[in-house]
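Engineer: The structure is given below, and queries will be raised subsequently.
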Amino acid sequence: MKSDFIVLRREPSPTRDQLWGGPVAGVLGMPMAQAGAPGLNVTAEVNNVERKEVRLIAAQADTVAVAPVMPMRLIAPVSSESVTGASAQVAWGLPAVGADTSPFDGDGIVVAILDTGIDANHAAFAGVELVQRDFTGEGDGDGHGHGTHCAGIAFGRPVGGVPIGVAPGVKKALIGKVLDSQGSGSSDNIVQAILWAVDEGANIISMSLGMDFPGYVKALVDSGMPADLATSRALEGYRASTRLFDSLSALISAHELSAQATIVVAAGGNESKRKIDPDYEVAVAPPAVAQGILSVGALGQHGARFEVANFSNTGVNVSAPGVNIVSAAAGGGLRAMSGTSMATPCVAGVAALWAQKLNQAGRLNGFQLMSKLAGMASTAGMVDGSDPFDFGAGLVRCPQE
């Protein structure tokens, strides 16, 4: 039986003329003209093949990674409610990360949100150049609202006097619509969107989505496969997808040698249920679990301190506010949502502020940026008895000088 597989391939290396934008002249070999920053030189294609052909594809010289196309879904908020009046002033996440006192606002940094799209007419995005691309076939816009809320957290302007965005100075944002109005998508679209965002100049890519492992098992069972075999095949897909995102992350890191620095942050997931049992903790899943991708957990308030949200998955790299987070609602106004989906664009916003600071100092690269996010994170405000494995390096903090 044939199945769809994503194949990451290296493009042929550019010739000397292509690299320098024209014929090379002069005894010193100086370029006649210089082209813009080169692309990632990687393509992603979907091949419909038998499983036995996958090994042959993987052995080809230009193949970077191969993985089955896996269903993806948004990391659904655990709660969502409209916000009006005085309650809209409770934007606790901004002071928690120090965004309200930072001298930086993300100016000059390009942020990409890969999600359900965006309500481009919302007041929160006035003055932002929104470069949109639809990978779902639905067209631009946000029929769900999740992407709009996430974008507002990362770089939204104040709405009705209420500050919502960590990096409101961002002037250009890339909006990759990779999930449809039902919050569903596929891993091939995610990979294509990441490549697009890098080629469009993204410095930070934010993804509040994850692999739908149970959905994949169910689809295989529904196709007539025995449950144990379906689970085994799904595990194969899980491992292969993790390796593919590992490879893609490594390529993005190497790409900054010839172009802009880019990091990827991704939600750790909301499947844990510590209210039922403190040990009911689910681990981070792809793509957040991949090496080189910064995985994010959610924190809530506990009096004047912070606690790991009961739903937040364990094994994350860093954490951010993710409970009752006020941001833009599709169609206008504000909405409060909870989830690692909300914590992730918060980290993206904090990253934009650090990127601005590093850029001004001439030291912006992916390693430095990741180091600042993890190295300057704080554990000081965590409630006693918190497990570091649940919150990682701690609560991310914005630069203060």
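Quick reminder: no glycine exception, Cβ is built from N, Cα and C everywhere.
Okay, these came from TrEMBL:
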type	residues	note
ACT_SITE	Asp115	active site, charge relay system
ACT_SITE	His146	active site, charge relay system
ACT_SITE	Ser341	active site, charge relay system
DOMAIN	106-360	domain 'Peptidase S8/S53'
Engineer: Within 10 Å of the Cβ of Asp115 (active site, charge relay system), how many other Cβ atoms can be counted across all chains shown?
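Structural biologist: Asp115 (active site, charge relay system) is surrounded by 31 other Cβ atoms within 10 Å.
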Engineer: What residues, ordered by sequence, lie under 8 A Cβ-to-Cβ from His146 (active site, charge relay system) and sit at least six positions away in the same chain?
Structural biologist: Leu74, Ala76, Pro77, Asp115, Thr116, Leu179, Gly183, Ser208, Ser341
Engineer: Where does His146 (active site, charge relay system) sit by DSSP, helix, strand or coil?
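Structural biologist: It is helical.
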Engineer: Where does Ser341 (active site, charge relay system) sit in the DSSP three-state scheme?
Structural biologist: helix
